[in-house]
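Visitor: Before I ask anything, let me first share the structure, which is written out below as structure tokens.
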Amino acid sequence: MAMAVEGAGAGVVVSEPEVDAWLPITESRSGNARYAAFHTLNAGLGFQALLLPLAFPALGWSWGIISLTVAYFWQLYTLWILVKLHEAVPGRRYNRYVELAQAAFGEKLGMWLSLFPTIYLSAGSATALILVGGETIKLFYQIVCGPICSPSPISTIEWYLVFTSLAIVLSQLPNLNSIAGVSLIGGTTAITYCTMSWVLSVSQPRPPTVSYEPQAYTSLGSSLFSTLNALGIIAFAFRGHNLALEIQATMPSTFKHPAHVPMWRGAKVAYALIAMCLFPVPQGGMLTALYAFHSHDIPRGLLAATFLLVVFNCLSSFQIYSMPVFDSFEAAYTGRTNRPCSVWVRSGFRVFYGFLSLFISVALPFLSSLAGLLGGLTLPVTFAYPCFMWICIKKPERFSSGWYLNWGLGLLGTAFSLALCVGGVWSIISSGMKFKFFKPPS
């Protein structure tokens, strides 16, 4: 397959494999099952998991666990679909989520359906990671420094800048395979801090002002919308499907040894570890609650170590979630110039993106409070689109079990997406949230 490249080399025809060899996602094809496990774990487990306790007051323990279990196996099935569809057409690899969406739904519709949610899941996650990472560095500093440094002489915006600078330095690693070690650190730190956060919380007596009973509501409408918002938070906890095809693209593939075999092997290990972390978190895994209620009961060193692990994880997650954006920048550049990016151009793109994300973080400091709404907006990428893609590309026999399963899950996922968006908007309105632009917490 070939493509005409515009710009300085207009009229020159460059083969698609050659262009892929210039871009950070497909530049290196030396991936394996271990790398797949590292990347999938880093992409699939992060700070969103620590928001799960917010969902359980509305759902209660029983329905909360049931909802979390259903969501876990549902997204595991759609991940399997994406892994299988990566090489659904012999001799053709769909290396990016948008490419697969275009192949399934058509070029224009596929772009329209997948572009915004995948951009948000990459660029929006990077912005949220700056918010969480910067604020966590600040908490770490306050714990380590103690009353000597109270009040902190460094503002929250300056902590965002510190985190962004560290993330930009790490982002100079050239391609997705080169950050396998970073992903290993990210996955390991996520497992550790998720475990430490709930273990430290449940090991302490329950504060008298805290109740574990389901929240009572005065009307059916408030109960319904709170439930929808809680389901959105659970959906938001499962992430990484927008990166599955990109991770698989880093592996060599032949007809005899297709890439889906090591990819699925690594993904199964990663999601077994993710399950071990996610299900205990609702018992009390919120770091802000841990700091607010137990900062005087838990040794400062242990508390500081937990926050430092979160910072390491945010730095690692920033790399893998930003890689599709770096890939898009470089694809646009190579498309215009008909040559790969130089080291300086590649570095410039990444510095620009890092500081652009910092600007958005400062301008929109309330993004992390929109978990329910954002979970609804991005839910189809994980729970709905893969089912429709399977139907469009694999074309299962009508009225077969596979046909019913994928139509049912796809339509249900789409309906849930709309309902969760409504629930998220209601939660914002009912809580009286004020959107303070350019006013991060002090």
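Start at 1 and count along the chain as shown; that gives each residue its number.
Quick reminder: no glycine exception, Cβ is built from N, Cα and C everywhere.
All annotation found in TrEMBL is predicted automatically rather than curated by experts.
Here's the feature list from TrEMBL:
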DOMAIN    30-429  domain 'Amino acid transporter transmembrane'
TRANSMEM  35-55  transmembrane segment
TRANSMEM  61-83  transmembrane segment
TRANSMEM  112-133  transmembrane segment
TRANSMEM  139-163  transmembrane segment
TRANSMEM  175-200  transmembrane segment
TRANSMEM  220-238  transmembrane segment
TRANSMEM  269-293  transmembrane segment
TRANSMEM  305-326  transmembrane segment
TRANSMEM  347-367  transmembrane segment
TRANSMEM  373-393  transmembrane segment
TRANSMEM  405-429  transmembrane segment
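How about a rundown of where these features are and what they're close to?
Guide: Residues 64, 67-68, 128-129, 132, 176-177, 180-184, 186-187, 190-191, 194, 197, 230-231, 233-234, 236-240, 243-244, 247-248, 250-251, 262-263, 265-267, 269-271, 273-274, 277-278, 281-287, 289, 310, 313-314, 316-317, 320-321, 371 of the same chain lie 6 or more positions beyond the ends of the transmembrane segment (35-55) yet place their CB under 8 Å from a CB of it.
If one looks beyond the transmembrane segment (220-238) by at least 6 residues along the same chain, the residues whose Cβ comes under 8 Å of a Cβ in the stretch are 44, 48-49, 51-52, 54-59, 64, 67-68, 71-72, 75, 278, 371-376, 378-379, 382-383, 416, 419-424, 426-427, 430.
Sequence-distant contacts of the transmembrane segment (305-326) (same chain, six or more residues past either end, CB-CB distance under 8 Å): 24-25, 39, 42-43, 46-47, 96, 118-119, 121-123, 125-126, 129-130, 132-133, 136-137, 139-140, 143, 163, 166-167, 170-171, 173, 176, 179, 182-183, 185-187, 189-190, 192-193, 196-197, 200, 242-243, 246, 287, 290, 346, 349-350, 353.
A Cβ distance under 8 Å defines the sequence-distant neighbours of the transmembrane segment (373-393), meaning residues of its chain 6+ beyond its ends; these are 71, 74-75, 78-79, 81-82, 84-85, 88-89, 97, 100-101, 103-105, 113-114, 116-118, 120-121, 124, 231-239, 241-242, 367, 402-403, 405-407, 409-414, 416-425, 427-428.
Same-chain residues lying 6+ beyond the ends of the transmembrane segment (405-429) with a Cβ under 8 Å from its Cβ atoms: 74, 77-78, 224-229, 231-232, 235, 370, 372-377, 379-380, 383-385, 387-388, 390-391, 396.
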Visitor: Sort out for me which stretch, of 61-83, 175-200, 347-367, has the most Cβ pairs below 8 angstroms to the transmembrane segment (139-163).
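Guide: It is 347-367 that shares the most Cβ pairs under 8 Å with the transmembrane segment (139-163).
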